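Asks: Structure incoming, see below.
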Amino acid sequence: MSFNNTVAVAMSGGVDSSTVAAMLREEGYDLIGLTLQLWNQRRLAGKDGMPEPVQGRCCSIDDVYDARRVAETLGIPYYLVNEQERFESDVVRPFVSEYLHGRTPIPCSLCNNHLKFDQLLLRARQFGADRIATGHYARNEYDPARGRWILKRPADRSKDQTWFLFGLTQEQLSRTLFPLGGYTKPEVREIAATHKLALAAKPDSQEICFIPNGDYKRFIDAYLDEQGESIPDSAGELVSTTGEVLGRHAGIHNFTVGQRKGLGVTAPNPLYVLQIDPASHRVTVGSDTELATETFRARDCNWISIADLTGERRAQVKIRHRHEPAWATVRPVRGADGTAEAEITFDEPQRAVTPGQSAVFYDEDEVIGGGWIV
């Protein structure tokens, strides 16, 4: 497969994507800078106690300004593309719906799977580029023996973003460059400084791009109010693992598996959310040791290093962003509706396996695939 020399760089206004642009320009690529405008940061400000946008936070107008300034410094054309309507339908609405159904979603993975890479590649082609480049910490390469593109963990494990990228298709992987995969974050900042990028020391964003201060409960209230909707009544019982009713709660959207604070009940020892039943609205709580899970399932799996899961295999499985992958046996099964799922059994039970999060399967550095925890 041959590509032209033009690459569209996804520019977020941060140090990583800006450094990617500087590196590729130095390597002789013809570049186009693209920023996807995903959310109006002022849209819900002041509604139901939502704060004003914080200057310099992820996806803000300040980031757009920084991205444009870097493009001008490097002498590359720059375009801001409005994707707010699709972001709302493909990311924000599902995010809200998942919480209302007692699950804990990952908006970054939803965005990568359903919007960002599709739209970046579409826009890149419109501007004459065959490929895109992003500032993700990941690596990819083509394996001719398997005839597949492989996604691999980066050199800087502390910045590993492959957990968020498990949904990438072979086509997307073949047309994406991850120039930072072989570098550590301090090295990237040094490269940025070498290229005299003004934002070499700009702090990383640690929050969900469309939710100020990470207060998702307030966001859900404000968003539904704006839509003329209200939070469905999901009040119910807080129960122990033996079924004893310990109290009542105001709604299942207020909880996530593993949560300790804000349960509304007292006990001699700390209690944690073990399970959320969206049908009965029951929230089961228990001890930290009861939070461990040995076997669970994942749906809507995407396979990367293999074409499909046809039999039982060993893998290291990661169940949240900061979780160290743990050894497990993964086998294909059928869900209640007959669709394909993966059943995962850990060698050692793992803490807080959370519905709505993703389970990503690794073979050392390689991403085998991943799916959504049910």
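Placement of Cβ uses the backbone N, Cα and C atoms for every residue, glycine included.
It should be emphasised that the depicted structure is a prediction, and the values quoted were computed from it without experimental measurement.
Just lifted these from Swiss-Prot, have a look:
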ACT_SITE  C111  active site, nucleophile
ACT_SITE  C209  active site, cysteine persulfide intermediate
BINDING   A10, M11, S12, G13, G14, V15, D16, S17, L36, G135  ATP binding site
DISULFID  C111-C209  disulfide bond
SITE      H136  site 'Interaction with tRNA'
SITE      Q357  site 'Interaction with tRNA'
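Mind running through what each feature is packed against?
Replies: Secondary structure at C111 (active site, nucleophile), as computed by DSSP, is helix. The Cβ of C111 (active site, nucleophile) has 23 other Cβ atoms within 10 Å, all protein chains considered.
DSSP assigns C209 (active site, cysteine persulfide intermediate) to coil in the three-state reduction, placing it in neither a helix nor a strand.
Cβ neighbours within 10 Å of G14 (ATP binding site), excluding its own Cβ and spanning all shown chains: 19. According to DSSP, G14 (ATP binding site) is assigned to coil rather than to any helix or strand.
H136 (site 'Interaction with tRNA') counts 24 other C-beta atoms within 10 Å of its own C-beta, drawing on all protein chains shown. In the three-state DSSP scheme, H136 (site 'Interaction with tRNA') falls into the coil class.
Around Q357 (site 'Interaction with tRNA'), the C-beta neighbours below 8 angstroms that are at least 6 residues distant in the chain are T104, P105, I106, I319, R320, W372, I373.
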Asks: Per DSSP, L36 (ATP binding site) is which: helix, strand or coil?
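Replies: It is in a strand.
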Asks: Among all protein chains shown, how many Cβ atoms are found within 10 Å of the Cβ of S12 (ATP binding site), not counting that one?
Replies: 21
